[in-house]
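Below is one structure, written out as structure tokens; the observations come after it.
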Amino acid sequence: MKSSRDEAVGHHSISSFEVMLSALFIMLMVFSIGLIAVSWLAVKESEGDAALGKSHEVRGTFKITSGVTYNPNLQDKHSVDFKVLAFDLQQMIDEIFESSSLKNEYEKSKVFQFEKGSVIVLFDLFFAQWVSDKNVKEELIQGIEANISSQLVTLHIDLNSIDITASLSDFTTAVPVTTSDKLTTSSPMTTSASLGNLSTTVAATTSAPLCNLSTATFATTSGHVSIECQPGSRPCAHAWNCVATDLFCDGEVNCPDGSDEDTGLCATACDGRFLLTGDSGVFQADRYPRPDESGVVCRWIIRVNQGLSIRMNFGSFIPHYTDVLDIYEGIGPSKILRGSFWETDPGTIRIFSNLVTVTFLIKSDEYDYIGFNATYSTFNNSELNNYEKIDCTFDDGFCFWTQDLDDDNEWERIQVTTFPCYTGPRFDHTYGNGSGFYISTPTEQGWRSERVGLSSLSLDLTSEPVCLHFWYYMCCENVYNLNIHISSAETTDKIVFQRKGNYGRNWNYGQVTLNETGEFKVVFNAFRNRGCSTIALDDISLTNGICSQSPYPEPTLVPTPPPELPTDCGGPFELWEPNSTFSSPNFPDKYPNQASCIWNLNAQRGKNIQLHFQEFDLENINDVVEVRDGGEFDSLLLAVYTGPGPVKDLFSTTNRMTVIFTTNMETRRKGFKANFTSGYYLGIPEPCQDDEFQCKDGNCIPLGNLCDSYPHCRDGSDEASCVRFLNGTRSNNGLVQFNIHSIWHIACAENWTTQISNEVCHLLGLGSANSSMPISSTGGGPFVRVNQAPNGSLILTPSLQCSQDSLILLQCNHKSCGEKKVTQKVSPKIVGGSDAQAGAWPWVVALYHRDRSTDRLLCGASLVSSDWLVSAAHCVYRRNLDPTRWTAVLGLHMQSNLTSPQVVRRVVDQIVINPHYDRRRKVNDIAMMHLEFKVNYTDYIQPICLPEENQIFIPGRTCSIAGWGYDKINAGSTVDVLKEADVPLISNEKCQQQLPEYNITESMICAGYEEGGIDSCQGDSGGPLMCQENNRWFLVGVTSFGVQCALPNHPGVYVRVSQFIEWIHSFLH
């Protein structure tokens, strides 16, 4: 029997309609969740894309309104008109950005099109990392407004027409992750543990990062785990690691599971290959790109057995001009770029390593270019004999010769003379037609002096001499120097062959006998100046035995065309009033190069001279007018003028003035026109009354205001010399004298305190007081009683005598100086020498000079106080009119690390050349440089001590030198790391014997070894010669001059600082 309760809890059967509704509800729920998930992924993807996108290339345009005229040839990229204008504009753009705040990011520019409308220029700019379009545009406008480039003298660019936009190749899109980073349409970002299907979002850039994956999901036994990596890195496939994107597919394993070098991941789109092993193989970029493959980077790693080297042959090489092939020695981040090729066939490339990286950047989207086909094979350079290492016609690449990585530019392998200079050989020497190759210094116009080096492999010791044969070409007006030197462990760069000058458009034969006692390398060095010139080499070979007499006549230099005007002005000219107007030769037309002119201006005895330049326009720095007070050989330096005018009037203190005009071999300008007048006290202030003091600037103040602790003179000269030791000695002890109304009073001992001692020592520019003691007076006054006011100032009371005839004898400590906070044992030498440790020489200063928007290290200096440097006068001669172009870098160790926290930069605001400096006789070569702001002393910045006046440093004593100058003769550039050396002092008599061509005076001191090898060199000028006494270092000399660098029996010559102590102290106190 059933109750009603039992019926209530029974099961109700579900109808088909209810089943349909339930299924529909579940489907809607799944669909909604899917929509939410897809939307979330899309948002995250767009956020990731925005965070990871980088722009390395921008496209720009501007309009040239004057200075160039449009013509149809500008539409033809192969025409001379197009190439010339594109070359000039690229140089202009490069100069602007290389002097801008983007100079570290900027790489290069490419002008690719001109359009009509005056002349509209379209160009691409390439940067190493992302920069904003706005920033690029602002820097370009500022550079044009500032006339940074010389091209802007003739070209006028409409600033309103400048437009910068991101290049289409820089937009971030989703692509497969392979070494071929190509641009495709956007797709959802997915990551699988299967490397072959791995995909991510990347940006194709000039630096070719392989991918920028920030998130990956992996299947595990417990489910899916997501790994998130920082921008610029991506996860490994089967490990909990993130690795920098640019470390993927670089030949070195960085992921624990090796997935960053997986051949499936890294296979190129060019040919499907990545890792090439075995003794031979092929790789290619054939018939590229397909329409969907612009912006591709292909990379191959070649790895062969240890001990072998790699030879690559390029059977064909026909890329688009924007596409670049780079070949590196080695793999990973430490690989070394050995060659970049675009448009020019690489031929045969040999890399002396078993590891090679090859990258091919395809930026074009045109399908008409074939690309390249290459093969590689191995060789063992240890099996080569000396003749195989040397012999080369350059038809088989560079054979076994290598480019010098430490030089300033690279040799180019070419066939015929090339644009834009056309100064090279018409054909090679081997065949004498267009089928052969030779190597040449860079074919473009040089913008600086530079060295280009070529080195052989190490040659084995031979039992007999060998003869090196070669053909060389040196042309044209701006060509400089070709030399061959021998480099070995036993020899310091021995020069065995050298030619200088223009030998015309001819191949010339050269030979030299080599007879070395150990392994050695042969190095060709070509030096070229600014402008167009070519040095070329071909047909280098080696034969047994001493060189026989050359079968070819000795080449002769092309005669230098005579100057349009005589360089000798015919003087010296003696000028008297009324014949008081004179000018540079040929004024107002251009003066001649290499001119040397002297005018002696004369006035009646008792009068002086005022010199006025009515017009003045010289080439800056290279051409100068020097004005001296007095006769030519017994005068003081008044001024050195250069560059465009106007310049200030000058006044002599005697009745004679000397004007010297010299020019160099480069640019000629209009010159100058000047006149002079004579009179009494011209430019000299009226003398003051008897009860007045005359300031240095000529103004007069009441005598009562002298030495009252308040500067009444605008130049502060009334408070400059108010206390001294008796008779003005520069020692640190003695009786104290005070200047009261221009009369020196001796201080009494009465009421003298320790506080007064410290204050007096401070006023004397010394350290704290060491001791003071009363002594009995032995002479007449006048005297002064000294008391101290509550505010610390001194109260001076003149007196006829002192209490108990007691005077004060004070001794002050020297200021802290010459103390190293970081010690180091001095190593062998500067030329070819040893690196100093950071902080080893904290008073050594690097002087950089800005010329044409480039800062270049020219000289050294020594810090002698918190705001004064001592350097050489010849460093700042010609470069003294605008002191702010000089920057002093203190605490510097490496030039490549100017941003080190130990480094302090200060602008120079005043330069004072010693008035006795004579550039022609090289005497009194010393100058003072004032820093705009004082520096604080640290472990890396300290002052050096100054010697006592006329202090003697005995010959034979070992002292030290330091600097960033050349470490090799003809090195061509300064070194990166500060060098140091020990050198012995030698007597002036011995120095005069070894340097008979110079007059070694008492204001000079010499140092060096008889055998040479250790010396200061170019770039060290102005730096210190330092000797140590009582654990403190003293500035004994200032690097001045020498004959080349480190030659035997040719010591370095330095300014003897002890002869200039009074002059130096006049600036410090």
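Using the three backbone atoms N, Cα and C, a Cβ is placed for every residue, glycine included.
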Disulfide-linked residue for Cys1006, taking Swiss-Prot as the record, within Cys991, Cys1017:
Cys991
Taking Swiss-Prot as the reference, Cys229 is linked by a disulphide to which residue in Cys236, Cys242?
Cys242
Would you mind checking which of Cys1017, Cys1027 shares a disulfide with Cys1045 in Swiss-Prot?
Cys1017
Disulfide-linked residue for Cys249, taking Swiss-Prot as the record, within Cys236, Cys255, Cys266:
Cys266
Please report the three-state DSSP label of Asn791 (N-linked glycosylation site).
coil
Taking only same-chain residues 6+ apart in sequence, whose CB is under 8 Å from that of Asn999 (N-linked glycosylation site), what do you get?
Arg921, Val923, Gln992
Can you tell which of the glycosylation sites (Asn515, Asn751) has the fewest other C-beta atoms within 10 angstroms of its C-beta?
Asn515
Do you know the DSSP helix, strand and coil residue counts for the domain 'LDL-receptor class A 2' (686-724)?
6 helix, 8 strand, 25 coil
From the active-site residues His874, Asp925, Ser1021, pick the residue whose C-alpha lies nearest to the C-alpha of Asn515 (N-linked glycosylation site).
Ser1021
Cβ atoms within 10 Å, counted per site: which of Asn373, Asn380, Asn791, Asn936 has the most, among these glycosylation sites?
Asn373
When the number of other CB atoms within 10 A of each residue's CB is tallied over all shown chains, which of the recorded positions Asn147, Asn433, Asn770, Asn897, Ser1021 has the maximum?
Ser1021
Could you check the active-site residues His874, Asp925 and say which one's CB has the most other CB atoms within 10 Å?
Asp925
Report the DSSP secondary-structure composition of the domain 'LDL-receptor class A 1' (227-268) as helix, strand and coil residue counts.
10 helix, 8 strand, 24 coil
Average model confidence [pLDDT] within the topological domain 'Cytoplasmic' (1-18):
44
To the nearest whole angstrom, state the Cα distance for the pair His874 (active site, charge relay system) and Asn897 (N-linked glycosylation site).
27
Run through Asn147, Asn433, Asn751, Asn770, Asn791, Ser1021 for me and report the recorded positions whose CA is within 10 Å of the CA of Asn936 (N-linked glycosylation site), in sequence order.
none
